Every structure is written in C-alpha cells, then in structure tokens.
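Quick look at what Swiss-Prot annotates:
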BINDING   14, 15, 16, 17, 18, 19  FAD binding site
BINDING   273-287  NAD(+) binding site
C-alpha cells in the first residue's frame, strides 16, 4: 500500500559520485532536497579503482571544485598519494592523479551530506517515478512510500538491472556485492526512455601481506603535494607508494588456454564494454604480439591490507584468475581477497536529454552519471553537479546553466552526450577538447569561479581567495614587463647554464620568460623588487601565460569563431522536414536531437557542412520574413 511519506523540492535517486554532487548542489542553493541510496554505507562508493584524476579527469575535478562542488575537497581529505602526470608534456595535458583511501572517501562524503543544511538522506530503493501532465511529481520506494517533489535527478550508476559475471557464474547484483535496482529500469521504459546495456569490470583485490614488493618497481608520490582543491594551499601527509610489475608470456598462455571460459568471448556478456579500460583477456587477444602489460599495485586504504591490481580487470573464472595472477613477478604467492568481475547494467541513450541534463519530454526529470552512458567517478560527479544546479535553477525560475565547449571539459562532456550520444561507456579524454590549451587544470578557477559565484555555490571564503590570486597574477604580469634585465656576466652565465642564448642587449623580464629554458622562480635573483608572497599557483600561471601566449591567443580567436556559431540560435519549434535541401539523414538526426544552435547542429553525426549551409540560409530567410512582418504590422 502506497502512502505519502514526505515532500521536497528535489529528490536524488542514488548517492554515488553523481548523486552526492547533485544533492549537495541543490541543497546549497536553498532547496529542500532528499537523497536516496539502497545502502547508506555505500554513499560515494569507489566500486572500482581507488583513485581520482588522471588526464582530462583531473581537469573535471578542478572544474567541479571551481564551481563549488565537493569532489576535490573530499579527495584532498582522503589522500594516500598524489602524482602529477605528463610533466614532460605541455600544460594542456598535465594532470593530477590522487590515490585515495576508499573508505575514508566514503565516510567523508557521507559526513558532508549529513551535515548539509536542507538535505536529508534516506536508505530506500526507488522503484517508480510519478509523472502528471509530463511533469515529475514524486518518487515511490519499494516499501510504498511516496516522496513528492518538483524535480527528480536519476543517478543510479551501474545498479539498474545489474548483473555480475565471473566465468560461468552470473547473478543479479549491483557493484561490490550490493543489491541491484531492477524495477526502476521498467519504470523508465514505461516513461518512454530508450535503454542501452553497457558493461564494465573491476580487477581482483589481493592481500598486501602475500606480495613480494622486492620484485616490483616502487612508484612514489610527488615530493611536494599539489592539492586538488583551490581551497587548499598545501597538504602534508605520509604518502603510500604504488608498485609497478608486468605480465609475461606465462600469464598470457594461461589466459589464451582458458579463453573458451571467458564470458567476453562466449557470448555470456552482451553489454558494450569500456574501450579505454579493457580486461586483461581482451588485451591478450587484441595485442597478441605484446610481450608484457603493465600492472600497478595500488593501496585501497591506510587501515586495510587490500591492494587493487590495476590493469587486470577480468571476468574469467576465479580459479583462472588465481592461476594467472601467480605468474606475475611479486605475486607468486598472492592471496586473492576479492575476485575480479564484470558487471552489466542498464543506462539511457543520453540524446534523450537537453544540455541541462533534463529529459526532453518529462519536465523536472534529470539524469546524471553512469546512467547516461559514461564511465568514471569524475565524469559522474561533473554531471551530478550540473544536474543539481539546473534542477535548482528551474525551481527557482532562474536561467539554466549550460557550459559550452570553450569554457570547460564539463561542457564538452555534456555536449558530446546530448549531441552525439554514445554506443559505449564514454570516457573523458584531452583529445576531445578543441581548446585544451585554454581548458587546463591550473586555470579552472579563472574560468569558472565567477560563474559559480553567480550561481550561488561559491562561498565568500572561496571567492575572496580567488580574487586575491587573480589580482596578484594581474599585478605581477604587468610588473614583469617593466623589469629590465641587462646583459651582465652574471645574467649570461645563468642563461648559458640553462642552455639558453646569452643576451646582447637589455630586455624586459616578461620577454625573457618567453624562453623555454627560463622559468619565473629561477629568475628571482634578477628581480630584487619581486614580492615575497607570490603563490606557487600564480608562478605557474605566469610561466604558462607568457610562454604559450601566442598559442593561447590563437585558440582565443578560434573560440570567437566557435561562439559565433553557438550564438546562431535555432527555434525550438522548427520543422526540419520542411527545409528543402537538407539530406534525409540530416532531417532525421536534427529532428531527434533538436539542437539549440547551429554550432551544436554542426557536431551531430550525419549532418554535413552542406546541410549546415542549407540550415543557415533557411534561418536567415526566417529572420528576414519575421523582420518584414513586424515592419508591416
């Protein structure tokens, strides 16, 4: 029997990485919010790797932080190790990667949710979404409780009709042995949503005490930790190392000899898997000439012996897993604490959503995270934040917040999903960003904190900290162009020692810093009036802004062209089938996606440059016609 148990502005279904950010954003914007999890002990569960960040993902985490989200703060609080990746490459692809204590991360996030004003969290499985006149009105729990709401955000991760597969064995399950959510899938189908079936997997967890680390290469963290959150100036902890080892021909032979037992190849797995995170059996089959594959052994926490075997995701039977693990140097006597498994789950086709992550036909119903076909904690958290913001904006009768591709990786992520869709679990990559030199992890605050302040998520403390940094950077950039450096013996010896050409005549320090061999910090002795309180983050910005000035200006000009196309808006009620000259495929795709701008239309697969030219002419004719009609009237 159903009964009304409560009424809120916003209901969030699922409290993983997407749901946690969505619930916090909504509550922090003043809306009464309730978040549901099938198990409150699994809030912000890190069901797979014990890490946050990496290429493109670190940029997402920094953007979440700059807008006022929680992930970066929580990562810093739960840190085991921090490494900066791609240090030998350009700033566009440099990325932080944090090893975190899984349980501490969960505990910190749960504590944050519990303390948040305007937010209740409840343990319940949601089995139905209530809709009247194409508007969300509430949700229903398995026990029959109805919670009325004005907006609902679905953030169910990999729980929808979850099925775990290990060799010949399969059973209904969510990740990490949790219950799946099967009834909500059927409810979404009844509401008209097209569902897809995706697959992901996770490697074994092994007992640290059974590992011989002397046969592995140690992977320490950075000597000086760079925090993920712009709110933190420094972090001082005792870091835990990771370890590197490799598979070998013995490993590969065992896998090949048992490939007939691999669900991936027997047809037992029907879901589409993650391209950029293949299982070990997939790697052995697809790359038969590779003599070895990297395996990283990563700690799962300070107070556990469990170690994560990165690079060995598998759905092979448990006995085969143990056999191939014990061929790896250092793992000869390994004890498995949790076997690897694959998990299949339902997700929606994200082209059914607007750029706000709201359903195109059910008002107030939003989706975020892996339910939208993405993979990764960071991608989920980014979507959750934006869904929470936009659900709140709608209820508050404020304009929606949509970041474009020139503003943030978050904008690229969502635009790709709603414009192109995905036929496999979507992972954010730096190669997806057209303007990646502008969208660096180091400048996320300069790009987005003002927007976060306008939304209402950025606190006064964060904003004041940002303004101090911004003013310091602007002042120092101006001052450097007034500092003259003479071609003295000391100066030229310094330049020669750096592998740089000696000066023949005087030059300002701003110009000197354009040289790749010279950096801001090393030139302090040339600059006696330099302020002593320059932040490390400001010094980094100075070097990047000066050295890459030409490339940055070039990308800014490209952004102007991009914005011009984005600003050419398309009426919501346009009938593409009435536009002569459009290809049939373009008519079909444009009618399905309903792009809001010519720029978005140009990114739809199957819409050619010729179709865009026809569309531009049609829109111009429409504007002229309306202009003439308004003059006549």
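Placed from the backbone N, Cα and C atoms, the Cβ positions cover glycine too.
Features recorded in Swiss-Prot, as mapped to the structure shown.
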residue	record	CB count, 10 Å
16	FAD binding site	30
17	FAD binding site	35
18	FAD binding site	35
19	FAD binding site	31
273	NAD(+) binding site	21
275	NAD(+) binding site	12
277	NAD(+) binding site	19
279	NAD(+) binding site	28
281	NAD(+) binding site	25
283	NAD(+) binding site	18
Cβ-centroid neighbourhood (8 Å) of the FAD site, 14, 15, 16, 17, 18, 19 excluded: 12, 20, 21, 22, 37, 43, 44, 155, 156, 157, 368, 369, 380, 384
For residue 283 (NAD(+) binding site), the three-state class that DSSP assigns: helix
Residue 14 (FAD binding site) to residue 279 (NAD(+) binding site) - Cα separation in whole Å: 27
Tertiary neighbours of residue 15 (FAD binding site) (same chain, Cβ under 8 Å, six or more apart): 23, 35, 36, 37, 40, 43, 44, 113, 121, 155
For residue 15 (FAD binding site): DSSP state (helix, strand, coil): coil
In three-state DSSP terms, the structure that residue 275 (NAD(+) binding site) belongs to: coil
Fewest-neighbour residue among binding-site residues, criterion Cβ within 10 Å, set 14, 287: 287
Alpha-carbon spacing, residue 281 (NAD(+) binding site) to residue 19 (FAD binding site), which is rounded to whole Å: 33
Same-chain residues at least 6 apart in sequence whose Cβ lies under 8 Å from residue 285 (NAD(+) binding site): 256, 259, 265
Alpha-carbon spacing, residue 279 (NAD(+) binding site) to residue 19 (FAD binding site), which is rounded to whole Å: 27
Nearest-integer angstrom distance between the alpha carbons (Cα) of residue 19 (FAD binding site) and residue 273 (NAD(+) binding site): 23
Spatial separation of residue 17 (FAD binding site) from residue 287 (NAD(+) binding site) - C-alpha basis, Å: 33
Residue 17 (FAD binding site) and residue 277 (NAD(+) binding site), Cα-Cα, nearest whole angstrom: 19
Residue pair residue 17 (FAD binding site), residue 273 (NAD(+) binding site) - Cα distance, angstrom, rounded: 20
C-alpha spacing of residue 273 (NAD(+) binding site) relative to residue 16 (FAD binding site), in angstrom: 20
Between residue 18 (FAD binding site) and residue 283 (NAD(+) binding site): CA-CA distance (Å): 30
